[in-house]
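Features reported for this protein in TrEMBL:
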| type | residues | note |
| --- | --- | --- |
| TRANSMEM | B:12-31 | transmembrane segment |
| DOMAIN | B:51-252 | domain 'ABC transmembrane type-1' |
| TRANSMEM | B:51-75 | transmembrane segment |
| TRANSMEM | B:87-110 | transmembrane segment |
| TRANSMEM | B:136-155 | transmembrane segment |
| TRANSMEM | B:192-216 | transmembrane segment |
| TRANSMEM | B:228-252 | transmembrane segment |
| TRANSMEM | B:281-307 | transmembrane segment |
| DOMAIN | B:323-531 | domain 'ABC transmembrane type-1' |
| TRANSMEM | B:327-347 | transmembrane segment |
| TRANSMEM | B:359-385 | transmembrane segment |
| TRANSMEM | B:405-428 | transmembrane segment |
| TRANSMEM | B:453-475 | transmembrane segment |
| TRANSMEM | B:511-530 | transmembrane segment |
């Protein structure tokens, strides 16, 4: 009896503790790192008094945790840095559809889930970067053309294990079909100047140092590096402007299926699509706001405007496994 | 048949084994459905190359850590040469550097775009190049430099414990120092070296951070790829269970190789056995200094440079909390893990039945699993317990029916216990084995038994082993990343979490601040303990 009372007391205490916290807060699982989301949350707390608690990790473990916790999850919102992962989270059934006029008005349909389960918050262009010393922009045209013989020994790529490359390949498959895509990827692999890199920053530094002449990376890595080294001998090029446009991925978020504070989470998500939040969310990492009414930061705007691929970002998720297998077959490690 | 007195140990070991088996059974149950498409793909394009890579890595790292660890331990514990006294503990310092940190320092420093090659190009033109840095050789060198301390620490303790009489007897019998090493000291230290080597190999098999900096594909990277890119947690856990099988083989091999050699506990020597002179002394100093420089001085210098260039702008009051969290987790985990490992070691010694031996071996396998896999398995197991046990119990008691385990501090500490049991167990079992059974028998005959026997006879003799074990666990927890990431309670960010956030964005220079702090925090106990633990008698 005594033991039962003690246990009961323990449970009551733990319940009380959660009840007190639960008043005005949103709990977030985030694959976007602390310093890239905290400023946004801080502003929200300042404005509304709603506290935002979060932990960061990679997407796959976070989704696994959401699944395992099921109805008991403390999480209200899942933030990822890639559309494929959002799509996957939706497939795994850990997100819930949200109907929101605010989001529909702020974010173009191609950057949202067709079921309303998630929405993009910032755009991340994955484009071609070239050495200003050894390459003339006129030599460049499309992603596909990097498979041509004249780039042999001049191309640098990041590992195929990175989801950004898997998404890029997924859109190639969607556009060209698997056979043609495999040919292109084999061409790229054949043109490699050195082993693939573990991250985009190292790749840009390799172009700068002369190890290779062209490469494909996300623009914000360039933005960060350029800030530190204004004399960087590397520039972005916007490929495929005559056809489908530059490959664009996105960071985004969705309300979890069993969100304890679903309403508060939706409010936060809606606010994150507004101009005020978009400026910071994209600005802290030199990304492009997903809300087209919001201007990118001055640094980002300086890279010029471009036509973005209008393919639905969901494709990245649907074809990710297929894309990865294709890259494996083509020898892209 | 087990003696009734021996059976008293069964429940304790049973509980620990159950705790470890809970997440492991999650791995085994993953085999209920097999995704043939993924397996066919892996088989056709990946597996053979990956297994080849992994074997090369294990072989290279195994040979490397043995050569480095044993040679350095022999020199610092039995010889005398200039600088020996500080090198003795300094050579332990690289242990505080996480493998992923040394990897990004090494690549950042030496790759084509790094400062060394840039300088070489400026001075000698573009013709002169280093051999490829991101290569098999590069990975092996980095892993050897971070994992050799396992062998060094355990071999050093063993050499020191071998006692004066033994080596003097060898000398009297006409063995040269070299012969004495090969024919007497080495065979007797073999169990300790084997234990250190097993730890290094398990770390190598489980490593993800360092190999991904090199983009070197191993079995472990395939596990992650299957999970992250094919979205098949099931297939990933299946791969992980195969890795687990390999580890059990390693452990079994280590046990077999250990054979019947029984470590002794003689009185430690006062003076060095072999004062080295001239060229020999210079070579000894040179070798130790070389290893120390590559494994510690250069990486630390590079981290300091990066810290000064970028990291100092990130330094703010939040680092106090990060350091406190890190220290707290490390200390708590060390305390819990060493206590439980001590129980296991005693259980195995006092009740050496077949059942007990297998139970204890099982309790040690958690170390070799890639951290994230183990973390996910533990997470799944805990959420199962929450769902099936905690919540119904809580509702029955009239509580709120909320999960208690997942996301709690105790769950994280349990995860550390499961993961690092082997780290604590190795040194403890070794130092326990050096206590001859005659000693407690004599004590018992003098009427000293039970707790008193433990505290007055065993514990004083076990102090070096306990300190080694605690030190190893503490530093391993500081460096641990995946389980901390997945299972930490809200607000419990640690230094390794901060390193993860920076490196995941490719911001190596900014990762220098948390990495440097991590190393410094890890160094304090390393220096303190190594200087206290097995110093030679007659020295201060």
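Cβ from N, Cα, C; glycine included.
For the transmembrane segment (B:405-428), same-chain residues at least 6 beyond its ends with a Cβ under 8 Å from one of its own Cβ atoms are 16, 19-20, 23, 153-154, 157, 195-196, 198-199, 202, 329, 332-334, 336-338, 340-342, 344-345, 360, 363-369, 371, 374-375, 378-379, 382-383, 385-386, 390, 462, 465-466, 468-470, 472-473, 476-477, 480, 483-484, 487-490, 492. With a cut-off of 8 Å between Cβ atoms, the residues of this chain six or more beyond the transmembrane segment (B:51-75) that come close are 81, 84, 91, 136-137, 139-141, 143-144, 147-156, 158-159, 181, 185-186, 189, 193, 196-197, 200-201, 204-205, 211, 216-220, 284, 287-288, 291. Most Cβ pairs under 8 Å with the transmembrane segment (B:12-31) belong to B:359-385, among the candidate stretches B:87-110, B:359-385, B:453-475. Of the candidate ranges B:87-110, B:281-307, B:327-347, B:87-110 contributes the most Cβ pairs within a distance under 8 Å of the transmembrane segment (B:192-216). Here the listed stretches are B:87-110, B:281-307, B:453-475, and the one with the most C-beta pairs under 8 angstroms to the transmembrane segment (B:327-347) is B:453-475. Sequence-distant contacts of the transmembrane segment (B:511-530) (same chain, six or more residues past either end, CB-CB distance under 8 Å): 88-89, 92-93, 95-98, 101, 104, 153, 300, 302-304, 306-307, 310-312, 314-315, 319, 322-323, 326-327, 467-468, 470-471, 474-475, 478-479, 495-496, 498-499, 502-503.
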